[in-house]
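Here is the structure we will look at.
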């Protein structure tokens, strides 16, 4: 057990320990009276934990322990009582109690050092119990340091050392907090300025975006109007182009466009025209070889070999002038009825004196073979003309062509003449 020395008192309320005020210990090791421990626990906020007033270590009401004392070995055998004081209209403050305790301790022979230490401890307790300014805490810390540096040695100066360290920590924390507050305010001001700048920039960008959207709307409307105008012009062009396309001739073969290569002026020859030219050439040769008039021959009038101009015309100029790119029949007339319509009933074989025949050529044969006038070629077009139709000569034309050529009468009479029969002779008489 512990023993109490004279003058042992609570460090918070400065009341002397005794049988009526027993000392109590908290987890940090500091000793307080029961009333001070209860007061600290009750006055602490519900959201905070009660702490030691000297070292700020947390504790609660359950962690407070009673210290057992031996009053028999102590200096006082019986607890000392304070004189009874009549209650007056006003309560005594703690400062008055501290002065009274100081006077009592001085009267009992306590040293001045102990009194100074007690006074400083009371100040520390007051600062810890209420909210103080930084100046008050700094002044108390300076006073404690001055007293401790004066070289005072006492058994109870350890609490003052602790109080001085505690006050120094409080001041350092306050200084750090102040510096942090200043830095945070500076950073907050900088961030606010940046936010303002960004808001201004954002406003400018939003205005630019609205302007660009308006321009886009205008351009899109212009584009739409241009598309509408283009479609209208296309429709108008298509409607204007329809009559021109309808007015074109719907012939399967369009004329050939003009060619850049030189075209010969002579018309193209067909087999029929070639045959007609050969036939005319042979007729002219035969007429030149036998100068006999067909009308003067004693042959029967039913078989006539004299070419007539209206029945058959072999003029090359007519055939060349009437030829075109589209094949057509020549202008000569085919009248084989002169020979086949009225066949001779009786062929006389009465020999006649060989009278030389002088074939007078027809007027068509006497014409000079002058070339036809040059016909300007027609303009060619992109479409190819239809190929000319091939005309095949009929057997009548071939027969007429073969009948047209006659050998000379003298040779014919020599080779093919027969002696006259009696019937023919009698027929003449």
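Using N, Cα and C of the backbone, Cβ positions are placed for all residues, glycine too.
Residues or ranges marked as domain 'RING-type' in TrEMBL: 10-56. Residues of the domain 'RING-type' (10-56) grouped by DSSP class, helix first, strand second and coil last, total 10 helix, 8 strand, 29 coil.
For the coiled coil (188-222), no residue of the chain approaches it from at least six positions outside its boundaries, judged by C-beta separation under 8 angstroms. Look at TrEMBL and you will find 188-222 tagged as coiled coil.
Under the heading region 'Disordered', TrEMBL lists 239-429.
Marked as compositional bias 'Pro residues' by TrEMBL: 252-270 (among others).
Per TrEMBL, compositional bias 'Low complexity' is recorded for 271-304.
The compositional bias 'Polar residues' annotation in TrEMBL covers 316-325.
The compositional bias 'Pro residues' annotation in TrEMBL covers 342-356 (among others).
Under the heading compositional bias 'Basic and acidic residues', TrEMBL lists 394-416.
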The domain 'RING-type' (10-56) [mean pLDDT, rounded to integer]: 87
